[in-house]
Amino acid sequence: MEFSFSPKRLVVAVAAALPLMASAADTPSTATARKGFAGYDHPNQYLVKPATTIADNMMPVMQHPAQDKETQQKLAELEKKTGKKPNVVVFLLDDVGWMDVGFNGGGVAVGNPTPDIDAVASQGLILTSAYSQPSSSPTRATILTGQYSIHHGILMPPMYGQPGGLQGLTTLPQLLHDQGYVTQAIGKWHMGENKESQPQNVGFDDFRGFNSVSDMYTEWRDVHVNPEVALSPDRSEYIKQLPFSKDDVHAVRGGEQQAIADITPKYMEDLDQRWMDYGVKFLDKMAKSDKPFFLYYGTRGCHFDNYPNAKYAGSSPARTSYGDCMVEMNDVFANLYKTLEKNGQLDNTLIVFTSDNGPEAEVPPHGRTPFRGAKGSTWEGGVRVPTFVYWKGMIQPRKSDGIVDLADLFPTALDLAGHPGAKVANLVPKTTFIDGVDQTSFFLGTNGQSNRKAEHYFLNGKLAAVRMDEFKYHVLIQQPYAYTQSGYQGGFTGTVMQTAGSSVFNLYTDPQESDSIGVRHIPMGVPLQTEMHAYMEILKKYPPRAQIKSD
């Protein structure tokens, strides 16, 4: 059959199609119209738009007056109804990748179903571009201080009693406590074991959990993991004598930590279940209180070494210890959520679900990400984490690629407690810079847009990259050593290299960050470089801090 092109016919055809196209644009597709998804937000278009400085010691923000006004009205009406400020729950997974959960395309597809997590996510705001720091401890400190690692100074996870932590920093739990909140920490801490950095001394009324990280309790005891240590009395005794806590502990504000039990590999199997039970009891207690609460809940799963509870062993289609622990984490989250639901607390509770970094690709079996890199790197796979926020009746179900950093939880929670926007600047010393941006109106506004213009990435205390819109500019990158395998994903054993200055990637067309467009699209690099230089000016006035580092 012969095809002939007619410009006249093309014009007529396009004209006839325009009404249909407009109608289709106004109507969600079948896929996005299903219950729980009101549609997908367009990403930010902030590349060449200026941000506004609201306080000298706070990150400049993109302002949206209409959504700010709507949000404050919603909060005022809710407080009038409930008689108290909203509760905040942060549910923080460990080493879980962006694509481990069903709401990001994983779950069943990767052999570890997360049905309850996905169900709640579908009724909340799924954040496809939420960012952590490259590893655990820096991220946890970022959540509790509102600062990037370069400012709070925890650049690496402290290991085996290494000194340093949150001491001397202004923390979210302390500020919320000052506002009348009951503050509870449960689970993994890993922000310093020295007394001044322990949770009961940095703002929490109560703490139940462990001070460090899973593998530090088990790797020197498990003959299947480290036989060269576990089977050597001298070596295992050496580790045992190092000055780090080896127990599941409990403490109350200002008190001493009390050991509950020695954390052996066998005890580790039940740890997440024990912590979950403690969390349920806390929520039940708060259901009878007239005070708002802040629950910071850090799971043990799914950091290596994974010891799934006996009833979850073999429960995942993947049949791996990691997959089994993911199934267990789904149930832990579900039990906490159902307790809030049973108690009628969902109407007045912001739930934040997230992970502390990307998957730990150096220790299989591990999590998954569709992006380049993994934990320990500033490639997207190392720092883009599975995240959603949920608040019954307050957050419109949708997805957004608006940029969010976990530092944003600090000013956002303080906004809910009665300190919106620039008021946060007065709660911290003038020498403290808040890298977080108040995202309350983004979360609660109708089709809200992110208030954050840019994401900044850090490696070993240095500014490594910046992202605005879909574009990302690297000045430092992490690459594997020459002896590692070609499929290496990046982590703590890589090497940091400086780029030649034109490493710009379009994360929409190249999520693997494999084909730089810096030379072909120089105009895209200009605003990114400008943003990087602007943050360097911030660092001159508010210098970097390094208290826990790799060297």
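From the backbone N, Cα and C atoms, a Cβ is placed for every residue, glycine too.
Together with D94, D95, D356, N357, Swiss-Prot lists one candidate of S136, S137, S315 for binding Ca(2+), that being S136. Distance noted between the C-alpha atoms of D95 (Ca(2+) binding site) and H190 (active site) is 13 Å.
H190 (active site) and D94 (Ca(2+) binding site) are 11 Å apart (CA-CA, integer value). Taking the mean position of the Cβ atoms of D94, D95, S136, D356, N357 as the Ca(2+) site, the remaining residues of that chain whose Cβ falls within 8 Å of it are L93, V96, S132, S135, T139, H303, S355, E360, K375. The recorded positions close to H190 (active site), defined as a CA atom within 10 A of its CA, are S136 out of S136, D356, N357. Counting every protein chain shown, 28 other Cβ atoms lie within 10 Å of the Cβ of H190 (active site). According to its DSSP assignment, N357 (Ca(2+) binding site) is coil. Scoring each of the recorded positions (S136, N357) by how many neighbouring Cβ atoms lie within 10 Å, the top position goes to N357. For D356 (Ca(2+) binding site), the same-chain residues 6+ apart in sequence whose C-beta sits under 8 angstroms from its C-beta are L92, L93, D94, D95, S132, S135, S136, T139, R140, G298, V385.
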